[in-house]
Amino acid sequence: MLLLTFTLPVVTLLLAHIIRSWFRLRHIPGPFWAKITDLWREHHYIKGDYGDRPMAPYFAIPSLLGMESAMDQIQQELEDQICRRVTIDVVLWMRLFSLESLHWIAFSNKLGYLSEGKDTDGILSILQSKFIGLAGQLCGWIHRTTLRFHFPKSCTGTAVAPSQRKASHRDLLAHFMDASQKNPETLEERGVLGATISTIFAGTDTTGTSLTFFMYYLIKHPAALARLQEELDSAVRSGNLSYPPKWVEVSTLKYLQAVFKETLRLHSTARMSLYRVVGPEGLDLCGERLPSGTNLGCFGYTAHRNEPIYGRDAALFRPERWIEASNDTLLSMERASL
């Protein structure tokens, strides 16, 4: 009975997906199976020109810097909310900030998370449950179906509306729409919405978590906090740090960058094994011979605590390692960072 209860909804979803796919593709001439599956799309992925390539320029630093000023008001709103409180839930507020920021960058629209101080329509709850990630691991059709049913309409509605008109300024949606118009065969219009929403899903949890641990380690290590405060104060006194701070300014603050790198080293946002394919010559690793074509993966937790690369104190939070390292050692540490 329990097995039937579980399998019946799955079979129903599978049949619904097949029927929907058949009606969507039935007019396309070609092999029979092309009418009930979109596996034929895989040649775009093999060629490397499906989706990612048309959008890649918009994730480059020059393009992202064009959105920097749009973040100032979100940053100011976070500061105002924090100043009104004696204590704050850092985990919650960093996630609210990252979600509000990414939604503003993507759609030029505020969700009201910071002003309300809570998860108003349940996006954070969805991320916390890992529902979308698990569904995506199971099967593509489950992922597409569940994403459609569970993503709040407050976001999808905001995303769809601008697609009917010219964007007033250059947010991510406007950039992706341009990419779709220039590359209609490799980036469909419906893919624009998916790509924009995926950016929010991918960035909210990782950004919020990174900011949370950034503050956690500074609070836990007063000496590091004091050194960072001195660097910031010195930059302000010398006129090298404005308010709100700019990326070109903070990117030159060595200790600040070291703290960020050390935080991401100890708490990487990549919580999965990132695979690489062994080259034609094969690979000898830990006494084992791995043949060409083997998928070899390693978790960031393990790679980032590799003592031959990061030192005997690799398990400790010590931002100074990024400043004291020789050029060769620094290059090795950065290459090992996942």
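Cβ coordinates come from backbone N, Cα and C, glycine included.
Taken from Swiss-Prot, the feature N-linked glycosylation site covers Asn240 (among others). According to its DSSP assignment, Asn240 (N-linked glycosylation site) is coil. The Cβ of Asn240 (N-linked glycosylation site) has 13 other Cβ atoms within 10 Å, all protein chains considered.
According to DSSP, Asn327 (N-linked glycosylation site) sits within a helical segment. Positions annotated as N-linked glycosylation site by Swiss-Prot: Asn327 (among others).
The annotation signal peptide is assigned in Swiss-Prot to 1-16.
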